[in-house]
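Colleague: According to TrEMBL, the protein carries these features:
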type: TRANSMEM; residues: B:9-27; note: transmembrane segment
type: DOMAIN; residues: B:99-305; note: domain 'ABC transmembrane type-1'
type: TRANSMEM; residues: B:105-126; note: transmembrane segment
type: TRANSMEM; residues: B:138-166; note: transmembrane segment
type: TRANSMEM; residues: B:186-205; note: transmembrane segment
type: TRANSMEM; residues: B:239-266; note: transmembrane segment
type: TRANSMEM; residues: B:286-312; note: transmembrane segment
Amino acid sequence: MTATQDIAISVRDLKTFFYTNNRCNKALNGVSFDIKKGKTLCIVGESGCGKSVTAASIMQLLPTLSRIEQGEIIYHADRGDIPLHALEKNGRHMRRIRGAEIAMIFQDPMTALNPVYSVGFQIKESLRYHMKMVGRAAHQKAISLLKEMGIALPEKRVNDFPHRYSGGMRQRAMIAMAMACSPKVLIADEPTTALDVTIQAQIFELMDKLKREHGTGIMLITHDMGVVAELADDVAVMYMGNIVEAGTVDEVLRQPTHPYTKALLASVPVLGKGRNQDIKAIRGSTPDPLNRPKGCQFADRCDFAVAQCQTMPEETRITPTHRVMCWRYKELVPNG
Amino acid sequence: MLTYIIRRVLILIPMAFVICFLVYLGLELTPGDAVSHMINPDAAGSMNPAQLEALRQSLGLGQPFHVRFWSWFTNLVQGNFGYSMSGGVPISNIIATRLPATLELAAVALVFSTVIGSLLGVVSALKRGSKTDSALTVIGMLGVSIPEFFFGLVAISIFALNLGWFPVGGRSMPGYVTLWDRLPHMVMPAMVLSIMLTAGVMRYARSSMLDALSRDFIKTARSKGLPEWRVNLLHGFRVALTPVVVLIGFRLPVLIGGSVIIEQVFQWPGIGNEFISAVRSQDYPVVMTIALLSVMAVLVASLIVDILTAVIDPRVRLGE
């Protein structure tokens, strides 16, 4: 177990529910994980499994009809532990942390920047509110941020509007904005889904550099297993509002234990194996979130399901860092 | 930005010319000519056709179309709109006395409806689903759908006849000329004219604001830890403003040419009232001039809208 001072944010038994038409969607049903300082935690899972809700819960940016029902999100700040889940949504304390200590970048850089303000203006907004930096100093800081993110001619580009930036440049600008106040944690919600592959690699390289140079803890939401292998220190696999398996990147990728993780890894095509390779799509589809199975959420699609799977499995630790939510994990652990 | 404005103004010139031509063509295509309007039909029957022809020639009506158009157009450019058929007054005089009254009303209605309309629209959007929002929505729908003459009559009945707060109509009492004296006269027509416009702006501002607030950059702004007012006004309202400005801009010509009904209800001595009497007396030159004026108002309004949207939204500045 890592010492507490290395942890930036710890999430314990988090439950976030959505309410629509008097029905309740348990989007997050007891999620626990830690974001460590200077490490990357990748959260993987298919669409709708609760990855983005996790991010929104930490930032307290949940939509109106949802709320954190139970559990805690503790931000381990230098000035002491702060329970984020207990802070008022758009209150002063939460706003002080947002952007300054925990920053976020979003999926689609095309729409995440405000089209009517220059990129520089939007970077300077953060500086003004969190660092009390205005005027020439803020302008210089914005330029140096853009420069650090690898934008050519930052002195000129700082005054440009987002529509004159390409997709990759916009995401760089977004990262510049997020990094403006040197946050402790950077939450990236599928930051490269909207970008092409070469740009993806550049953006990830940039994020890795920030992690190394600034010691920023990164929570990266993705569904790209290649990215996980490349960037992650820790991995959490989510399925229908639960973390079904979590551990270090080696543990999860080399010794996948949960049937879902195995299935997920088996469904990744491998470059160079040709078109006849055996890609196993996971059979069935995700259950209706408003009408979930009672027990293990994956049971209906699982090749190893037994009668016991009709009740929710406990979280079990295989090693101090590797945990899994499955009744049959003992039989399924590779090499053991 | 300056090149953009200059370009837009230059585009306006050929458009204005074409419109003048079409208006003159319309005038040409109306049945009869100036002579048949000048002389009453009974007298015309007893007149010698040669005399009529001589009159035509003396008025320059015998000349070909393009020559007449050119002389009309050059006069127009110099501010000479011709003469009214009933009374022979120069039309420029009529416009000069009537237009200020209309503009006065239009300006008040425009400012009032823009400020109040967008304010209520934004409040409505920010408090979506609340009682305030529902109430404003209902009021807005009523304001848009009930014809303005009805509001005018109701206002006269309540505020002028029963309460006696404001005069029934007219622009000023004889002998009273200061703005302060005219103010009571202006309140009712300006407010009634504003109602429909305000309701429209409010509905539009609400939906535009809701649209802006649902966009991704609002979440970005919040994730930066900005206070709510800044998220809503600087990031939300600024983006929501563009369609509202377009709407208001295109209401401008309606206000200038189209406050006909309000001016009639309140006996307001403006262009609209003049337009009605000109149509009634078949005073084509006056009708045509007012039509031309309305069309020019549309052109100018669209120019203003284009410039304003370019100021508000940097993506529009294509000229750079």
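Each residue, glycine too, has its Cβ placed from N, Cα and C.
So that I understand the layout, could you describe where these features sit and how close they are to other parts?
Modeller: Proximity of distant same-chain residues to the transmembrane segment (B:138-166), defined by a Cβ-Cβ separation under 8 Å and at least 6 residues beyond the stretch ends, is recorded for 120, 184-185, 187-189, 191-193, 195-196, 198-200, 202-203, 206, 261-262, 264-266.
Listed as Cβ neighbours of the transmembrane segment (B:239-266) (distance under 8 Å, sequence separation of 6 or more from its ends, same chain) are residues 102-103, 105-106, 109-110, 113-114, 118, 121-122, 125, 147-149, 152-153, 156, 168-170, 188-189, 192-193, 197, 200-201, 204-205, 208-209, 211-213, 215, 217, 272-273, 275-276, 290, 293-294, 297-298, 300-302, 304-305, 308-309, 312-313.
Long-range contacts of the transmembrane segment (B:286-312) within its own chain (CB-CB distance under 8 A, at least 6 residues past either end) are made by residues 1, 4-5, 8-9, 12, 15-16, 19-20, 23-24, 26-27, 76, 81-82, 84-85, 91, 94-95, 99, 238, 241-242, 245-246, 249-250, 252-253, 256-258, 271, 274-275, 278-279.
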Colleague: What same-chain residues lie close to the transmembrane segment (B:105-126): Cβ under 8 Å, and 6 or more beyond its ends?
Modeller: 132-133, 136-137, 140, 186, 189-191, 193-194, 197-210, 213, 232, 237, 240-241, 244, 248, 251-252, 255-256, 259, 262-263, 268, 270
